[in-house]
Every structure is written in structure tokens, then in C-alpha cells.
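Working notes, beginning with the structure itself.
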Amino acid sequence: QQSGRKFNLFLKRRLRIDKRHQSKDSIFFRDGVRRIDFVLSYVDDLNKEWEKKLERRKEFESNLQKAGLELETEDKKESEDGKIFFVKIHAPWEVLITYAEVLNIKVPIKENDIPPMVENPLDCVLYPLRLPEKVMHPEPDYFTAPFSKDKQELFLINDESTFFSPSMRNRIVNYILTRCPYGTEEGKKKFGIKRLLNNGTYTAAYPLHDCQYWKKASDPNCDSERHTLYVEWARFLRFYKEQPLDLIREKIGIYFAWLGFYTEMLFLAAVVGLICFLYGLFTMDENMSSKEICDPAIGGAIIMCPLCDKDCEYWRLNTTCEPSRYSHLFDNVATLFFAIFMGIWVTLFLEFWKRRQARLKYEWDLVDFEEEQQQLQLRPEYEAKCTQKKKNPITQEMEPYLPLTSQAVRFCISGATVLFWVSLIIASMIAVIVYRLAVYAAFASLMENTQTLEPISGLLTPQLATSVTASCLNFVIIMILNFFYERIAIWITDMEIPRTHMEYENRLTMKMFLFQFVNYYSSCFYVAFFKGKFVGYPGDYTYMFNRWRNEECDPAGCLIELTTQLTIVMAGKQIWGNIQEAIVPWICNWWGRRKARNNPENLYSRWEQDHDLQTFGPLGLFYEYLEMVIQFGFITLFVASFPLAPLLALMNNILEIRVDSWKLTTQYRRPVAAKAHSIGVWQEILNAMAILSVVTNAFIVAFTSDMIPRLVYYYAYSENDDSPMSGYINNSLSVFQISDFPPGKKPKENPEDFVVCRYRDYRYPPDHEREYTHTMQFWHILAAKLAFIIIMEHVVFIVKFFVAWMIPDVPADVKAKVKREKYLTQKILHEYELEKLKERLCQGDKQATEKEFIATEGRMELSRAM
């Protein structure tokens, strides 16, 4: 029986080979002439909705043909599994020129005659980083103008089959698919491929890749751009090469241009951050504070108060020797310099990106482009769900609209949902804080009584163990909350029924960013600005929920703990993100194509190959931007605590560019083309984070690091001229009389009969008339911290705004090209109108008057003068 099945399968394949000798790895119809611009697939399942789906498909495909598209269906017998039908769609010339005018697509009118820029003297040095010219600039540079169906002779149309690029063609077809009706159900007009995909009428809708990524297409008419991108861009060993952005373009091209530029700018920040880190490393042995803490005669003689009630014991300061030494790596004078530098770097990055964006905007024909006609027009979902209509005051046409009351209710539900989830994050953060408070005593007891931990007790203190485990727990909670909230955010945005695609993306972006901002940064904000700030003092500690004593900072400060928190969350997110982006799609595709690996090429068609790939949905780029913007926050908001953060981000982004390019060229179907002239609302988010980063870093240097107290001691309280910082540790620790502990709070054991213990604060000693109240030095330090924040913020903001004012948003040569193109376009159009008018006059057209001819010539002269 098994051999019989194999024989039948052999006959089936043999028949298919005989039926069609040419390879099915083609992007053309069976005639080999008409290009496949889009593919729809469906499964003819015989369930209870089979007849309804069949009726929808017939109506939809009939309406597509009425719109001028040409269809060709591949029977399920021709597919690999014998279950899937494929409908291939071709847009003929008449359809393309009609919708090119509707979508305001710009096409060439004349080759660019502006001389190229003067060669950069560094070009010879940068030559190894360059890609071949045919890859970087596959087409000549043209002046362009919006296509007009009535003025086709103005445009450089050499070949109708290649005049519109594949991305233009699939954008036009997608525009028709999203608006094509397929009938009326429940009294409502239904339309759009998205609805048909959601209700299972079709299983997929996608444009085709032009070839297999590992080899060029056998068809000479195919450009094999996918293969070129894979060879020149997607391979990791090409990480040092520039990106072939002209082969990508569209909305995805803008993302990769921004990511590439961000990565280039990170190189400078990473180098400066590494220098600051090395400064801390080389001066670590000269740090007087850690020397005193590690000195047995100083730190070993200082008895510290217990870090928890009853169960914790008194401890000697020199037990924190190693953490105090390592804290100097990040808590030194270079930290201040780097915080100021990053405030200026952020401004340079954003300003130079505007210039880069302006250049791309011109090169990719996006000048005067009001964010994609598709983006501004009504979403099909909005048109379908909004049954009421009113007159548009601009177009004077009836349009669907959502009543104000309905909008208000939907926004209230949406706002309440977002507020609930943000509250959930805060609750989870409080739970992690409680964990830290609850397990500290357990770690302290464990490390004291476990002999096996003695060799590492100098490195792994109870504080560090608590911090590391809490950071890991916090990261796990972050990822779980992210998983659920992503789905909730999409659901509530759909419920709001945004009017346009742009509105939809902007609303979803703000919801997701707000949530991720609180989710990822809340723990860092807690360690930076709250931990150790509201502790109280022995005998009068502050308690959370009247049960758990608030955490104290290490005697060397909280900065090393902020560094730990930042490193774990940032590195963990980047590692997990790369696993999700690369490994998961690869496994899914491997599993989906396991049956087709041994099939001959002529049986495994181009549309089947692409059908088996993963879908890069409309929110694909949204998640890419979100990932990078969250990373941008890590390297700007808290960079004063971790100068190596830009270096980590740089290494991740080098990998990120190649992972993203690899998955787009090999693991995903070709995305539907969509134009964008900027990174959209993300630009405003980056600007806001740039401003906030100046404030957060000023507060980190002032309140989280130990720099200001050291400077105040150095200039105002030091008594040793030869070594001004000696005695600082003793000065920064207050004295507490052990007999003053309230009942029930004193440690159970005091084997060495200590009389006093020390704690980190500036308070009067027990024998003073103002015992345990803040000393004047505390107020001097607080005043210095506030003064530092004000001065640093003002200095950085003044420099930022001066730099922003100095750097123009649009390069001078781009301005000249834009003006030249506008002038040339007007001139060509006016000359064309003048020629047409002359023809009408020569033919004796009575409507073409001499005055009209004079007016047209006058308009040309005025255009030249302008």
C-alpha cells in the first residue's frame, strides 16, 4: 500500500512536469509576459460557511476585474499540498496610469543636471566601507513630477512594462484591494481584502519577491534585487558596509536609514563612554574613599548598624570593600563630563538626522509629500463601521463620521484600560520592592552561615545578591506584562476606530510607548531617585506598609546598583529581542517548508515559496521602532550611571541591522510598499526623551552618585591639606547609640558588646543637644545638589538650543535641487500647455483665443522670474 502511494505521487509529479516544462519559479503569468503584482490564496474547505466564502470570493474577484485588474488562478491540484488555490493578479498599463494619478506618484521627467557635490577628501579612506555604485545607485538621478494621465508624453516612458517599479505596482494593486467591495451583509456594504482575510475567505494576500535570495533569477527580465540585498546587505560579514538604501526605499527604507544613522552616531558616544570607563578603571586604586573602606584600621574598625530589624547583625564597613572599589568605575568625575557630553550628543544626533532625512526626502521623491495618500485617506474599517455621514467642508462630499458621544465613550474605555495597565506595572514594581525588603535578611543570614560562599563573600554581598535577583525578577515581569499589553493596546486602538492610517499608528504608538516607558524604566527610576532617600535613621526607620523597612544604599552609594539594574534590563531585552526576531521566524519557516525541501524547482512555485514565509504585518516596523526608541531611552536617560551603555547599544545595533535585513530578505514575505517622508511621531518622542535625559542625568549625578557630597567635603570640610579626601568616609557616617534602639528593633545578638554603630547620613551624635537631627553639612550638601542641577540643566540646554539653531534642517545643496526641480517642472508643464494651445490655434479652435495664448506665455515668464 505504501509503495502504491509513492507510485501515485510519482505519477502526479510526472504529469505536472509534462504539463508545464518551464520552471514555476517565475514572477509572470503563464504567458511569461504579464508580471504578477499580487497574490491571493485560499483553502477550499467544505465547512458550514463554505458557500458564503465562495460567494464572497466570486463577487470580490469579479469586482477586481471590473476595476481593470487581470486574474489567473492556480488550481489546488497544482499546489504542493493539494489544498491551496492561488489567485495571481496583474495590473495592466491602463490601471497603473489611472491610479498613479490618484495616488500622486512622482515619475521621471528629465535627468538631473545639477553637478554632483565636490568629492569628500576622506572618500579614499572610506572606500572599504562603500558598496559598488550599481548597488548604491541602481538608477540615474531624475527630476520628477506627479504623474498625469493626460500628459504622458512629458514623462520618460521608455518601456511601459518597467516604467512603474515593482513597489509602485504592488502599492497600486494594494490600494484597489483594500477598497474593492464584495457584497452586502446584514444591510451593510462590505469591502476590503483585510476583512476577507479576517473572516477566512482568503488565507493570505502578498506581493512576490523577485527571486530566491540565494541565487539570481533565471529570467533575464528580472532584476534579482532580493539576491543583491541578501549578498550585499543581509550577511553579517558585511556589517561594516554602508546600506543599499536606494534598493529598499519606501517606509522600510526610512527605518533602516534612521537605524543606520543612529548606529553611526553611537560610535562617537561609545568611544567617549569607553574612555570615561577606562579613566575610572585606571584611577580605581587612587580612590581615597574605597581605600579607607578597605583599610582594616579604618573600615575594619567602623561598626555599621544592622540593615534589617532583629535578624540582621552588626557588620564591619570593610566587608563592602570590593563593591566600593567597583563603584568608582562609574562614580567619578568623568561621569559628570559624560552626562554633559551625552546631552549635547543627543542634540547633534537629532539635528543631523533632520538633515539626513531631508536629503532622503528629496532623493526618494517625497518633497511636498503629505504622508502618503493611503495614510491620509479613510481607513476601510472606519468607512465600514461608521454608518452615519456628514458633508466634508473641504471636499463638499458626504463622508462617514463617528458621533462625538461614541468617540467620548470609546476614549473613556481606552483611557481607563491604559490607566489600569500602568497601575498594574506600578503594583508589580512595588511587589519587587517588597521582595527586595523581604529577602535581604534571608540573604544576609545565608551568606553568614554558609561556608561555601566565603570565597566570594567579598564580591557577593547581601545588597548585591538582593539587587541582582530583584533585577532578574523585574525583567521577567516586564516581558510578561509586555506580552499581554501588546494585544490589549491593539484591541483598544481598534475599538477607538481611528479615521486614517496615520491616526491609527500615532494612537497605537503613544499607548505602547507610554506603557513600555513605565514598564522598562520604572525600576531604574526607583533605584536612581527613591532607594535610600527615605530611610530614616536607627531608632526611627521608615517602613513600607508599616512592615518592611525601606532599603538603604551601600556606603559607597546607590550608583553601582543602578548600573546593575540598567545592565540586566537593557542587555536582557536586547538578547531576547534578537532571539524573537531571528530564531523564531527561522524555526517557523523551517517547519512550514519541511515537506518542500526535496521538491524540484519546477514544482515549488514562486507564489508557494513566498506563501510559506512569515508575514511582515502593518505593525512590523512599529515594533522595530519601539525596540530602538526604548534602547535610546536607556542610553540617554540613565547614561550617567553606565558610560558603557552606548557601547552595548552600538554592538547590538550592528547585529540588529543585519538581523532585520536577513529576516526581511529571507524569512518574510515581501512587505506591501508604503511611502513615508519621516519617522513620524517617533521624532517627537525622541525630542521629548532628549530633553528629559538632561533632567534625569542631572538628578543622577546630584542625588544618586556620591560626587556632590565628596566635592562639598573637599572644598568646605576637609582638614588635611596634603590629602583633602582623607577622612571623608568617617565624616559621611553618623553615630547611633545602640541603647537607643526601641524595643523589638534591636538585633538579637551583640556578641562583641558594641556600644555605638554607624549609619549613612549627616546627623548629630547622641550626646549633642540636637541629637539625631540633620547637621548643617546636610543642608550645605542639599543646597549644592540643587545648585548643581540648575547650573547643569541651564548649561546643557543653552548649548543644545545653540547647536540646534546653528545647524540648518535642510542642507544647502538639497534646497537648490528642490528649487531647481520645482522650476523645471513648472517650465516643462507650461511649455507643454503652450504647445497644445498653439496646436489648437493652428487647427482653428475658436475656444483658443489670442488672449489665452498671451496669458500662458506671461505665466511662463513669471515662473522663470520666480
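Including glycine, each Cβ sits where the backbone N, Cα and C put it.
Among the features that TrEMBL reports, domain 'Anoctamin dimerisation' is placed at 28-245.
The coiled coil annotation in TrEMBL covers 43-77.
Feature annotation from TrEMBL assigns domain 'Anoctamin transmembrane' to 250-821.
Residues or ranges marked as transmembrane segment in TrEMBL: 255-282 (among others). Below 8 angstroms of C-beta separation, residues 242-243, 245, 248, 328-332, 334-335, 337-338, 341-342, 345, 348-349, 352-353, 356-357, 360, 621, 624-625, 628, 632, 635, 639, 643-647, 649-650, 653-654, 656-657, 660-661, 679 of the same chain, each at least six residues beyond the ends of the transmembrane segment (255-282), sit close to that stretch.
The annotation transmembrane segment is assigned in TrEMBL to 333-353 (among others).
As annotated by TrEMBL, transmembrane segment applies to 418-443 (among others). Non-local neighbours of the transmembrane segment (418-443) in the same chain are 307-308, 311-312, 462-463, 465-467, 469-470, 473-474, 477, 481, 485, 488-489, 492, 511, 514-515, 518-519, 522-523, 526, 544-545, 548-551; each lies 6+ residues outside the stretch with a CB under 8 Å from one of its CB atoms.
Proximity of distant same-chain residues to the transmembrane segment (463-485), defined by a Cβ-Cβ separation under 8 Å and at least 6 residues beyond the stretch ends, is recorded for 307, 320, 323, 421, 424-425, 428-429, 431-432, 435-436, 439-440, 443, 447, 512, 515-516, 519-520, 523, 554, 561, 564-565, 568-569, 572-573, 576. Positions annotated as transmembrane segment by TrEMBL: 463-485 (among others).
Taken from TrEMBL, the feature transmembrane segment applies to 512-530 (among others).
Long-range contacts of the transmembrane segment (628-650) within its own chain (CB-CB distance under 8 A, at least 6 residues past either end) are made by residues 259, 262-263, 266-267, 269-270, 272-274, 276-277, 280, 330, 334-336, 338-339, 342, 346, 513, 516-517, 520-521, 524, 528, 559, 562-563, 566-567, 569-571, 573-574, 656, 682, 685-686, 689-690, 692-693, 696-697, 700-701, 704-705. Positions annotated as transmembrane segment by TrEMBL: 628-650 (among others).
Annotation source TrEMBL lists transmembrane segment at 685-705 (among others).
Per TrEMBL, transmembrane segment is recorded for 786-807 (among others). Taking Cβ pairs closer than 8 Å, the transmembrane segment (786-807) reaches residues 339-340, 343-344, 346-348, 350-352, 355, 690, 694-695, 698-699, 701-702, 708 in its own chain, all 6 or more past its ends.
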Tertiary contacts of the transmembrane segment (333-353) (same chain, 6+ residues out, Cβ under 8 Å): 258, 261-262, 265, 268-269, 272-273, 275-276, 279-280, 635-636, 639-641, 643, 646, 683, 686-687, 690, 693-694, 697-698, 700-701, 705, 707, 792, 795-796, 799-800, 803-804, 807, 809
